[in-house]
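Residues annotated as region 'Histidinol-phosphatase' in Swiss-Prot: 1-174. Feature annotation from Swiss-Prot assigns Mg(2+) binding site to ASP9, ASP11, ASP129. Taken from Swiss-Prot, the feature active site, nucleophile covers ASP9. Residues or ranges marked as active site, proton donor in Swiss-Prot: ASP11. Here Swiss-Prot flags CYS92, HIS94, CYS100, CYS102 as Zn(2+) binding site, drawing on sequence analysis. What Swiss-Prot records for 175-363 is region 'Imidazoleglycerol-phosphate dehydratase', and it gives sequence analysis as the kind of evidence.
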Amino acid sequence: MTQPTLFIDRDGTLIDEPKTDFQIDSLEKLKLERNVIPALLKLKDHYRFVMVSNQDGLGTSSFPQETFDKPHNAMMELFRSQGIEFDEVLICPHKPEDNCDCRKPKTKLLQKYIDRELFDPATSFVIGDRATDVQLAENLGIRALQYHPEKLNWDLIAEKLLGEAVTNIGDRQPRYAEVVRKTKETDIKVQVWLDETGVNDIKTGVGFFDHMLDQIATHGGFRMNISCKGDLWIDEHHTVEDTALALGTALKQAIGDKRGIARFGFVLPMDECQAQCAMDLSGRPFIKFKAEFKRDKVGDFSTELTEHFFQSIAFTMLATLHIKAKGDNDHHKIESLFKVFGRTLRQAIRIEGNELPSSKGVL
């Protein structure tokens, strides 16, 4: 039966993965990831759970089966005692050099689910902490949620997936947009996946700016790719401005008709710099920006372009934006502005129902 399914990684996602030898081979090493049980309890009525794990060299002298079984069985019994059942537990015992067909991100372990169409591609996800989990999702034609204990933990995953399950987002088109912008000064391509998380591929030629853009996606709870070839032999002005315009357009397109979104976001404070942001996806562009910088540049990024970036993205998103920061370190102030923008955007684009969040009936 086709149904929403979560293909969940084990080590580093459900349970902590030791950084010393990357093996859970004793009860002493068994430690659940924070709030994984409450999250799975919230999700179990909406999704089928399938555990998919690579266990390098399982059954060999480097990782005997019996040393794996004891903590694994204890983990499974703990989940069962709390009302959490997995449809299957699928394990690849091979090492990368074995070149098998079942090691993630390859899909042979899940061949039954593929052949019998047992999962709904529109409402199923891979959840895991590694890039191979994201690649597995791509190979299956579904979305990925790349687990991180801070940036995308189990509380945030449950919040995201419950929103989808309750509003039956599977009947909607995926919130994705691609924008290509070419001028005499820049050649830009932006891709945005609002309902996915994972590795962001951002290359603008301005290192500090790349890092700031990554903060927006990471704290916004979505995934994006940005490539920009700009006239950096002059300066970075056109690169920053045109990237903001293209990103704002992509976000606006991905959000779509705004039906069901929260619309508003408000965050304060953030980090030691006391960054604050309020946002309304109102269709009426406006910005009020307040931050002062002592330095002309942070790395290869002109500090004066910070305000210009947020002005450009607010006007192309058609958003009302109030954003400010205060502090002593210019690097930290700029980074906190991008982070708080991402966190506020996360609130505003969150799906909460099916109604248009406006008394006027239009946004």
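Note that Cβ sites are derived from N, Cα and C of the backbone, with glycine treated the same way.
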Cα within 10 Å of CYS92 (Zn(2+) binding site): which of the binding-site residues ASP9, ASP11, ASP129 qualify?
none
Quick check: in three-state DSSP terms, what is CYS102 (Zn(2+) binding site)?
coil
Protein Cβ atoms within 10 Å of CYS92 (Zn(2+) binding site), excluding its own:
20
Out of ASP9, ASP11, ASP129, which of these binding-site residues is nearest CYS102 (Zn(2+) binding site) by C-alpha distance?
ASP9
Expressed to the nearest Å, what is the distance separating ASP11 (Mg(2+) binding site) and HIS94 (Zn(2+) binding site) at their Cα atoms?
15
To test your reading of the Zn(2+) site: which residues beyond CYS92, HIS94, CYS100, CYS102, same chain only, put their Cβ within 8 Å of the Cβ centroid of those residues?
ASN54, PRO93, ASP98, ASP101, ARG103, LYS106, LYS108, LEU109
Within its own chain, what residues at least 6 apart in sequence put their Cβ under 8 Å from the Cβ of CYS100 (Zn(2+) binding site), listed in sequence order?
CYS92, HIS94, LYS106, LYS108
What other residues of this chain sit with their CB within 8 A of the center of the CB atoms of ASP9, ASP11, ASP129, the recorded Mg(2+) site?
ARG10, GLY12, THR13, LEU14, GLU17, SER53, GLY128, ARG130, ASP133, TYR147
Should ASP11 (Mg(2+) binding site) be counted as helix, strand, or coil on the basis of DSSP?
strand
May I ask you to report the DSSP-based helix, strand or coil state of CYS92 (Zn(2+) binding site)?
strand
Which state, by DSSP, holds ASP129 (Mg(2+) binding site): helix, strand or coil?
coil
Including all protein chains displayed, how many Cβ atoms other than that of ASP129 (Mg(2+) binding site) lie within 10 Å of its Cβ?
19
For the binding-site residues ASP9, ASP11, which one has its C-beta crowded by the most other C-beta atoms within 10 angstroms?
ASP9
